[in-house]
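A.B. asks: I have a structure here, written as structure tokens, and I will follow up with some questions on it.
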Amino acid sequence: MILLISDLHLEEERPDITRAFLDLLHHRARGAQALYILGDFFEAWIGDDGMTPFQRSICAALRELSDSGTPIFIMHGNRDFLIGKAFCKAAGATLLKDPSVVQLHGEPVLLMHGDSLCTRDVGYMKLRRILRNPIVLFILRHLPLRTRHKLARKLRSESRAQTRMKANDIVDVTPEEVPRVMQQFGVRTLVHGHTHRPAIHKLQIGDQAAKRIVLGDWDKQGWALQVDEQGFQLAAFDFVNPQLALPGA
């Protein structure tokens, strides 16, 4: 059994989400073949050298799971793209490139955070290209921590304001981009997060059936995708009783 999650937006101000995530680590993930975290794991990440005590506690919890034998893979999101090798090494996790094709129970599956699929959001795509430029990343990582904190707060504030003003179809994936990317990587299954619109979409690519699975964000409830011999099963769970509502739970 393999678990995939995304968009937890972990922060100290949401202990309910943190408790639910730790419950996931201590129960379902403990016996999993792998745990994939597909971006926006943290609400903000200003660099591995700027870890708070809260973030260090999450790192330690991941390390405990990794040491128990469950491989952990972390992908950058638009909120935590400064997560680096130091954090992953401390957490016992592997940093996964976006996009990546992985084998899940014998099937090649394309994993993405999902923001790069939202090509109609021209302003965001332009900002994304700037922030992901290697030179810009180098500069960001070497700015004083205080400056990075201010910049992160400014970017989050502007992002929320702009998202509220944009039409729903603008901030969702571009329909034509999905089959193009899937054909490019030669897969029939795509899993991503980012849009906060959990669903399993059936597609037709050429003469082949395909599917796009959108992971949910953790806010009023949590979401996880379980992949096993039975296939792909997307399910939500309640924070009040954070045992996953997944088959076999």
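Using N, Cα and C of the backbone, Cβ positions are placed for all residues, glycine too.
Dumping what Swiss-Prot says about this protein:
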| type | residues | note |
| --- | --- | --- |
| BINDING | Asp7, His9, Asp40, His196 | Mn(2+) 1 binding site |
| BINDING | Asp40, Asn78, His113, His194 | Mn(2+) 2 binding site |
| BINDING | Asn78, Arg79, Asp121, Ser159, Thr163, Lys166, His194 | substrate binding site |
A.B. asks: If I take the alpha carbons of Asp121 (substrate binding site) and His194 (Mn(2+) 2 binding site), what is the distance between them in whole Å?
C.D. replies: 13
A.B. asks: Which of the binding-site residues listed here (Asn78, Arg79, His113, Ser159) have a Cα atom within 10 Å of the Cα of Asp40 (Mn(2+) 1 binding site)?
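C.D. replies: Correct set: Asn78, Arg79, His113.
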A.B. asks: Using a 10 Å cut-off between Cα atoms, which of these binding-site residues sit near Arg79 (substrate binding site): Asp7, His9, His113, His196?
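C.D. replies: Within 10 Å Cα-Cα: Asp7, His9.
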A.B. asks: Asp7 (Mn(2+) 1 binding site): which of the binding-site residues Asn78, Ser159, His194 is the nearest Cα neighbour?
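C.D. replies: For Asp7 (Mn(2+) 1 binding site), the closest Cα among Asn78, Ser159, His194 is found at His194.
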A.B. asks: Starting from each candidate's C-beta and looking 10 angstroms out, tell me which of the binding-site residues Asp7, Asp40, Asp121 has the most other C-beta atoms.
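C.D. replies: Of Asp7, Asp40, Asp121, the one with the most crowded Cβ is Asp40.
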A.B. asks: Under DSSP, is Asp40 (Mn(2+) 1 binding site) helix, strand or coil?
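C.D. replies: Assignment for Asp40 (Mn(2+) 1 binding site) reads coil.
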A.B. asks: Within 8 Å of the centroid of the Cβ atoms of Asp7, His9, Asp40, His196, which other residues of that chain place their own Cβ, given that this set defines the recorded Mn(2+) 1 site?
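C.D. replies: Near the Mn(2+) 1 site, beyond Asp7, His9, Asp40, His196, sit Ser6, Leu8, Gly39, Gly77, Arg79, Gly193, His194, Asp217, Trp218.
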A.B. asks: Within a 10 Å radius of its Cβ, which of these binding-site residues (Asn78, Ser159) has the fewest neighbouring Cβ atoms?
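C.D. replies: Fewest other Cβ atoms within 10 Å, among the binding-site residues Asn78, Ser159, is found for Ser159.
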